[in-house]
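Here the structure is laid out as structure tokens; the discussion comes afterwards.
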Amino acid sequence: MAPIFQYQQSTPKTIQCLVEKALAKTTKLEREELILVGASRTDTGVHAWGQVAHFITPFNYDRLDSIHAALNGVLPSDIRVRELSPALPEFHARFSSTAMREGARYFVGQHDFTSFVNASNSDHPRSPVKHIIRFDVIELGALIQLEVEGSGFLYRQVRNMVALLLQIGKEAVPPDIVPMVLAARDRKELAKYTVGAPPHGLCLMSVKYNEELLEPPSGCRATSFGRHHTISKCKLPFY
């Protein structure tokens, strides 16, 4: 979309304010509920050519080209919407992987993860103290891959950590919210900011053991125990 700037109530004639008013006229949305979120904040007086912004609407518009033309007809001549398109609910114009990395660093180390654990039906209570070895945020083109390695994980711990990092990436909460939620040791504290991430994005990549524990018992045949099983002369990992 067109240049959108940080909204400042003290200066109502910002580009964001003008575009929001134009959108309210052309989409019939309530002005008070229409908020544009720009991809980048800009200082007063700075120009933008390729700014991107999004807004949320409950309506499904059939003729975006008509709204596009109407917007430019209402806006001043020095403000132009160059493109208007629908987006997935997950899209966010100001998604910050840098903020996510900062937030992820707070998880590294040994912590009490009570705030990030869902209630389990297990009869065997586990210690909420776990050690996170690394938590990497990797950009893969338009995708962001999160890799977490630890001494062990509690029920839905990873999904809850990821959910909070996503909120940080959207700049809904600051990165330093992580140590605050950890310190609360209360699942209700996390619920103030997010719900758990869906399961389909999570994949268990590997489980590591002390190599000494994987040695075959004394006297056993070599083929009766091991991490490789031979099928049709091809070695396949067997865990």
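Sequential numbering from 1, following the chain as shown.
Glycine is treated like the rest: Cβ placed from N, Cα and C.
Some features that TrEMBL has for this protein:
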- Asp43: active site, nucleophile (ACT_SITE)
- 7-95: domain 'Pseudouridine synthase I TruA alpha/beta' (DOMAIN)
- 104-210: domain 'Pseudouridine synthase I TruA alpha/beta' (DOMAIN)
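Within 10 Å of the C-beta atom of the residue listed as 'active site, nucleophile' sit 7 other C-beta atoms, taking all shown protein chains into account.
Across all of the domain 'Pseudouridine synthase I TruA alpha/beta' (7-95), the predicted model scores a mean pLDDT of 81.
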